[in-house]
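In what follows, a single structure is set out as structure tokens and then discussed.
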Amino acid sequence: MTDQLKTAEPGPGGNPPVRAGLSPRKKQQISRAVQYVILVAVAVAAVLLIDWASLAQNFAKPEVAQESLPELFTVALKNTLIYSVGGFVFAFLLGLVLALMRLSPVRPYRWLALVYIEIFRGLPALLIFLMILFLPLALPGFEVPGGTYGQGILGLTIVGAAYMAETLRAGLQAVPKGQMEAARSLGMSYGRAMITIIIPQAVRIVIPPTTNQFVALLKDSSLVLFLGVSGEYVELTKFGNDLASTHANATPILVVGVTYLLVTIPLGYLASRLERRQGKGR
Amino acid sequence: MIPVRHAVEIRDLHKSFGELQVLKGIDFTVDPGQVVCVIGPSGSGKSTLLRCVNLLEQPTSGMVVVEGLELTDRDADLDAARRRVGMVFQQFNLFPHMTVLENVTIAQRRVLKRGKAEAERVARDNLDRVGLADKAGSYPAQLSGGQQQRAAIARALAMNPALMLFDEPTSALDPELVGDVLTVMRKLAEEGMTMLVVTHEMAFARDVADRVVFMDGGVIVEDGPAAQVIGAPQHERTKSFLRRVLDPTHTDV
Ligand SMILES: Nc1ncnc2c1ncn2[C@@H]1O[C@H](COP(=O)(O)OP(=O)(O)OP(=O)(O)O)[C@@H](O)[C@H]1O
Ligand SMILES: [Mg+2]
């Protein structure tokens with residue numbers, strides 16, 4: 001190998017750039033060496049400075065981890081899935097209605113949908129859950145149907161629908177205009193064309209981003225904690241929190257974290273695979 | 001109303017997009033069984049005219065009567081009227097999430113409320129007509145452009161239209177696939193279908209059309225038998241357009 005700038009293209013002026021000092025390749029080698037040195041230094045510091053025994057005692061105590069079974073799966077994970085799947089389904093439906101309203105020729109519909117989306121995308125999810133908690137105070141006699149599950153699912157629906165609406169609107173708009181025209185030219189009404197031709201294609205387009213939104217909802221389902229749920233209604237985070245308090249030990253938090261990852265990481269991969277496949281298909 | 005019932009009757013049709021006047025007073029008729037080709041330079045309003053015939057585009061003013069029904073009447077049932085008018089697009093516009101068979105049956109089932117068996121029988125008959133009997137189970141993406149366009153023709157025919165509109169049906173095709181589509185269209189014309197065809201295929205217009213309409217700048221410049229409009233045009237604009245189309249390498253720029 002030589003140090004000549006073989007690959008460098010002459011600039012627009014025609015003169016090859018003048019090289020000052022080290023070649024780009026040499027610079028890159030040095031930069032990489034520095035990065036490795038930093039990495040090793042941090043690792044050594046971690047090994048020396050952290051009290052590993054105490055950390056293991058607090059975060060990975062096998063007895064405590066064992067204690068969490070089988071409720072970790074039969075109650076906590078099950079409830080997390082109930083809250084998030086329920087929230088996802090209703091958020092999808094409400095999101096679809098909002099997306100169709102956003103594209104409606106009726107101006108007040110466009111307005112209402114926009115107001116909803118802007119408000120609920122702009123608020124912290126936790127605030128929504130607190131609102132649901134205080135709802136009975138504001139509306140005496142009102143009760144969310146479905147009890148605790150209903151409350152949790154309602155909170156996730158309100159939050160998820162705002163995001164889902166924007167995703168679905170983009171999906172609906174990504175369906176080529178000619179599809180609607182072809183459907184109308186066959187005598188289909190606007191609604192019929194939407195249902196049989198446009199929405200099915202839009203849903204296909206938004207599967208990857210909605211998979212990611214499901215992951216987001218799954219994580220937000222931890223906010224159910226603030227609804228004061230207990231017993232058979234606890235989901236993963238509340239479950240881990242309770243167990244950690246009982247044992248004055250952080251192991252359950254780690255266990256619960258791993259359980260979340262068991263679901264979220266495969267879903268994340270699924271989403272990016274679907275996305276790649278779609279990128280090729282169209 | 002009018003003693004002779006035309007398949008299509010257009011009176012003083014105007015269409016503007018905002019400030020842009022695209023159609024500036026179009027009058028013409030198509031009689032049942034006639035094949036009329038519309039030719040003209042790009043941007044002259046050919047597609048817009050065709051889309052006004054089935055009200056995919058709302059005319060600014062004027063009258064469109066199809067099969068005796070005035071579509072420009074504000075209370076006309078457009079969905080019902082469009083069932084009687086088939087349309088074939090330059091970009092095919094097949095439904096990509098459905099097989100060819102489903103493409104051809106869906107509107108029969110949902111719009112005409114035909115039963116599954118009947119819809120499939122009609123679909124297979126029409127796929128056979130366009131030479132795609134063996135592609136019923138394929139998805140549009142698995143077909144060539146020419147096959148897709150023939151499937152789109154079958155989809156329109158399955159509704160038993162009284163009139164077929166074609167908007168440059170071969171313009172998006174590779175040259176070697178154009179013939180298949182034109183053959184299907186010629187066969188359709190011979191079977192007596194009423195057709196309004198926007199096309200740049202002069203040979204097709206000359207051989208198949210009963211009448212050729214030359215449009216330029218949003219008006220009809222010349223309207224007459226194919227042999228006359230293409231063979232012996234009267235107007236300078238028609239002549240210069242045909243010179244450019246028929247002999248593209250000798251254009252005076
Ligand atoms: N939806 C629309 N909004 C605004 N302008 C439009 C619209 N549709 C068509 N036009 C304009 O109307 C004019 C005529 O368009 P049209 O598609 O009817 O022409 P054409 O004769 O079919 O041309 P081509 O041979 O290129 O298809 C063009 O200037 C076009 O830009
Ligand atoms: Mg056109």
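Note: Cβ is positioned from N, Cα and C throughout, glycine not excepted.
Sequence annotations record features per position, and here TrEMBL assigns domain 'ABC transmembrane type-1' to A:77-271.
Per TrEMBL, the feature region 'Disordered' maps to A:1-24.
The transmembrane segment annotation in TrEMBL covers A:33-53 (among others).
Beyond the transmembrane segment (A:81-101), the same-chain residues lying 6 or more positions past its ends with a Cβ under 8 Å from any Cβ of the stretch are 109-110, 112-113, 116-117, 149, 152-157, 159-169, 171-172, 194, 199, 210, 213-214, 217-218, 220-221, 224, 235, 263. For A:81-101 (among others), the entry in TrEMBL reads transmembrane segment.
The feature transmembrane segment is assigned by TrEMBL to A:113-137 (among others).
The transmembrane segment annotation in TrEMBL covers A:149-168 (among others).
As annotated by TrEMBL, transmembrane segment applies to A:189-207 (among others). Within its own chain, the transmembrane segment (A:189-207) has Cβ neighbours under 8 Å at 96, 100, 167-168, 170-172, 174-175, 179-180, 182-183, 274, 278, counting only residues six or more beyond its boundaries.
Per TrEMBL, transmembrane segment is recorded for A:253-272 (among others).
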Between the stretches A:33-53, A:149-168, A:253-272, which one has more Cβ pairs under 8 Å with the transmembrane segment (A:113-137) than any other? A:149-168
